[in-house]
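Here's the structure we're looking at; comments come further down.
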Amino acid sequence: MEVEMENSTLSVTGESSIPGSDVQEQNPVSSVQPTLPQPTQPVVPPVINPVVPPLAPIPVVPSSLVRPLAPLPVRPPVIKPPVPQNGDVGSSDSESDGDDGHTRINKGTGEYEISEESKLVRERQEKAMQDLMMRRRAAALAVPTNDMAVRARLRHLGEPITLFGEREMERRDRLRMIMAKLDADGQLEKLTKALEDEEAATSAPKDEAEDDLQYPFYTEGSKSLLDARIDIAKYSLVRAALRIQRAQRRRDDPDEDVDAEMDWTLKQAADLNLEFSEIGDDRPLTGCSFSRDGKGLATCSLTGASKLWSMPNVKKVSTFKGHTERATDVAYSPVHNHLATASADRTAKYWNDQGSLLRTFDGHLDRLARIAFHPSGKYLGTASFDKTWRLWDVETGEELLLQEGHSRSVYGLAFHHDGSLAASCGLDALARVWDLRTGRSVLALEGHVKPVLGISFSPNGYHLATGGEDNTCRIWDLRKKKSLYTIPAHSNLISQVKFEPQEGYFLVTASYDMTAKVWSGRDFKPVKTLSGHEAKVTSLDVLGDGGYIVTVSHDRTIKLWSSGTPSEQAMDVD
């Protein structure tokens with residue numbers, strides 16, 4: 001019994017390693033010893049085999065990482081659906097869902113939604129595409145190159161033949177876009193056929209009566225304006241003749257040394273020093289002007305009041321009050337001691353030297369800027385922010401001329417010393433020269449890149465100075481019709497420019513950099529810098545003999561600059 005139990009135990013132990021062995025009846029000890037080492041040797045491989053499976057899952061790791069990336073391609077269609085680029089707009093619109101304000105697009109097996117922002121982007125893309133196609137269509141159209149033909153075509157199409165400030169190429173481009181739009185609407189063929197019929201009709205012989213009929217391209221003026229133009233012509237011809245005769249005499253006379261006289265004047269200008277400084281008002285000063293005899297000085301300020309000062313001690317004489325808004329400029333008459341003031345209340349006022357109001361010039365639609373008297377003293381020019389400048393009769397107060405021509409506000413105004421020309425400048429960075437005898441714009445001076453604020457004619461008759469917000473002062477030659485010098489004058493905008501009124505030997509500029517500078521009239525090199533103001537300098541004036549220069553500033557002070565030249569040595573005034 002014991003042998004059988006032992007044999008059964010051994011058979012169970014070695015069953016996994018020797019499954020088919022038969023147990024014989026032997027000594028149990030001898031049977032156990034040979035069987036134990038045999039099953040241990042086959043057991044070792046199963047122990048080694050389990051080590052291999054941990055290495056097998058290593059290539060499986062990438063497959064587990066790829067699974068989370070599978071839904072990523074679904075996201076882009078939700079934010080920026082590719083439907084507008086593939087031309088599926090119609091299908092997406094037909095499947096729109098109006099309940100939640102989003103559009104559903106069925107593409108393949110997925111369903112995407114388009115937000116309102118995507119709709120706006122799509123509309124902008126469609127509009128840009130339409131504009132591009134319109135421009136391509138316009139580029140393919142045949143448009144006349146002759147400006148008269150372009151005007152005729154615009155007139156036939158019922159469009160304005162010209163817009164304010166429009167140039168020839170801009171007019172042609174406008175006609176091209178109009179024709180392209182009509183072509184897109186399918187109306188160009190009909191209008192082209194009607195145009196051909198009209199051209200055929202105009203090419204037919206006309207009656208003599210129709211040939212004699214002419215339509216003037218100008219605005220008919222009043223009888224008073226005609227009389228004023230005739231008066232200005234007579235006055236300017238005499239003045240021009242005297243100026244030319246004087247220039248010829250100075251050139252031919254051996255005793256006349258113009259260069260030496262200019263050198264002496266520039267030397268006196270280099271010796272300019274501050275002589276008086278006076279508080280002019282409670283608020284910043286905006287304008288100043290010397291009287292014709294040099295015994296009076298007028299200033300104006302933001303309070304709307306103007307003040308009269310005695311020279312050369314700068315003592316207040318009287319105060320003029322009449323404007324309801326701030327005063328912008330003041331100017332003395334060149335023939336008597338009357339003066340004019342301009343204001344932001346859209347009016348200009350004419351005063352005598354006692355402070356009595358003589359006349360009010362009312363008509364501008366916006367605030368006034370600078371004003372200037374005609375050399376004859378009979379007319380007053382006013383510049384305004386209503387894009388016009390106007391000419392007034394001083395004696396009657398009648399508005400003689402309303403002159404347009406600037407595309408933005410007109411700021412500065414000056415008259416030629418002969419009285420034949422007027423020059424205006426404005427915020428359109430343009431300066432224009434006008435012939436007062438004919439009303440024509442004879443010159444358009446382009447060169448400044450920012451608004452032009454100051455303008456002045458030289459007494460020599462052919463130089464014009466302009467200064468503006470581009471910190472430069474330009475000297476224009478009216479004979480050559482171009483810019484002669486460009487002076488990088490200041491570090492801030494130039495508010496006013498003035499030539500020395502006798503011979504034009506030097507030029508003075510005022511700036512918001514708190515200084516005024518004197519420049520040579522020969523080569524326009526710097527002569528003197530007048531420093532002393534504590535705020536931006538708004539205006540200046542030069543006395544007739546060049547001995548005094550006055551500047552006013554936002555620091556509320558009037559500063560009088562003098563070279564210290566005795567009156568008997570001062571330059572002679574004609």
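Cβ atoms are placed via backbone N, Cα and C, with glycine included.
Look at TrEMBL and you will find 1-30 tagged as compositional bias 'Polar residues'. TrEMBL lists 1-45, 74-121 with the feature region 'Disordered'. According to TrEMBL, the feature compositional bias 'Pro residues' maps to 36-45, 74-84. The domain 'Pre-mRNA processing factor 4 (PRP4)-like' annotation in TrEMBL covers 145-198. Per TrEMBL, the feature repeat 'WD' maps to 320-352, 361-402, 403-444, 445-486, 487-529, 530-562.
Secondary structure counts, DSSP: the repeat 'WD' (403-444) has 0 helix, 23 strand, 19 coil. Distant neighbours of the repeat 'WD' (530-562): 265, 268-269, 272-290, 292, 294, 297, 299, 301, 309, 311-312, 314, 329, 492, 495-496, 498-502, 505-506, 508, 510-518, 570-573; these residues of the same chain sit at least 6 beyond its ends, with a Cβ under 8 Å from one of its Cβ atoms. Using DSSP to sort the residues of the repeat 'WD' (320-352) gives these counts of helix, strand and coil: 0 helix, 17 strand, 16 coil. With helix defined as DSSP H, G or I and strand as E or B, the repeat 'WD' (361-402) counts 0 helix, 23 strand, 19 coil. Residue counts of the repeat 'WD' (445-486) by helix, strand and coil are 0 helix, 24 strand, 18 coil (DSSP-based).
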